[in-house]
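Here is the structure we will look at.
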Amino acid sequence: MAAQIINGVELASAKRAQLAKEVEELKNLGIEPGLTVILVGDDPASHSYVKGKQKACAEVGIRSTLLTFPATITESMLLEQIDQLNRDETVHGILVQLPLPNHIDELKVIEAIAPEKDVDGFHPINVGRMMVGQKAFLPCTPYGILFMVQSLGIDIAGKHVVVVGRSNIVGKPVGQLFLREHATVTYCHSKTKDLAAITHQADILIVAVGKANLIGAEHVKEGAIVIDVGVNRLENGKLCGDVRFDEVKEVASYLTPVPKGVGPMTITMLLHNTVEAARNAHHINKRGERSGRY
Ligand SMILES: Nc1nc(=O)c2c([nH]1)NC[C@@H]1CN(c3ccc(C(=O)N[C@@H](CCC(=O)O)C(=O)O)cc3)C=[N+]21
């Protein structure tokens, strides 16, 4: 039987409606959640993603500010800018759109962001806190994927999750999030031998490589859940994932499309983290009450 296609837009919009309510409650307390996005250079893909983030902020009532800089900005000027935003109380979340030009050290920039404003969840403090199970901003794409899989109502404990890809922003952390949910996790990457033999064992297969058509029916066990994190822009301008959709949909039980799968969830979790950052900054709990620490 053909797979059920997971609608990321629908799931995202349900979650955004909830977030809009939470923003409204914060505004009633005189708090306007604010996200500042830093965009360096003029990569068209980055500009397009940033536009999507701003539109989503507007949709739930988060104030978003875009700061753009030429690709020639020096590292120290960028660090100075971040420092200024760290000290600005009206800014709850800071996002530096990646990738950055080669002359700028990305890790240095990420480390300059105050961990309590790091709504991407990329700062080593947040990564470490996530690893040991402390409260932390979870990276948006992995968090969005977990949210999607949980929304299917299946029990993750004991499932074999196979992650293809080991980037710091998707592959590595998504495996950790599923490990936290008691899955058995296997990582595959470019040096893995006999990829298909391993991916074929997956109950949940998460593909985050960035290579169009990498995964086909031969990689997927009958009835597996397949999450496609690839964002590959084809020459004809169309966006496609890492998974051969038409083939895999005949084998999988659930499959995410590209576009309209993981992407919208990523942005939604960014909104979630920004609302959380605003609440934390003002010592407000999830029920909208000020905690005793005031
Ligand atoms: N600091 C930082 N944080 C990021 O979260 C970050 C980043 N840098 N750099 C680039 C990647 C990529 N990324 C996407 C988010 C949403 C869609 C998305 O919503 N895509 C739509 C389609 C959009 C289109 O058609 O162009 C979809 O899949 O339906 C795609 C890609 C976030 N990233």
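Including glycine, each Cβ sits where the backbone N, Cα and C put it.
The DSSP secondary structure for R166 (NADP(+) binding site) is coil. Residue environment of R166 (NADP(+) binding site) contains 17 other Cβ atoms, counted within 10 Å of its Cβ in all protein chains. Taken from TrEMBL, the feature NADP(+) binding site covers G165, R166, S167, V231.
The domain 'Tetrahydrofolate dehydrogenase/cyclohydrolase catalytic' annotation in TrEMBL covers 6-120.
The annotation domain 'Tetrahydrofolate dehydrogenase/cyclohydrolase NAD(P)-binding' is assigned in TrEMBL to 139-280.
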Site diameter for NADP(+), Å, by largest Cα distance between G165, R166, S167, V231: 15
Annotated binding-site residues G165, R166, S167, V231, filtered by Cβ under 6 Å to ligand 1: V231
Neighbourhood of S167 (NADP(+) binding site), C-beta criterion under 8 angstroms, separation at least six: A208
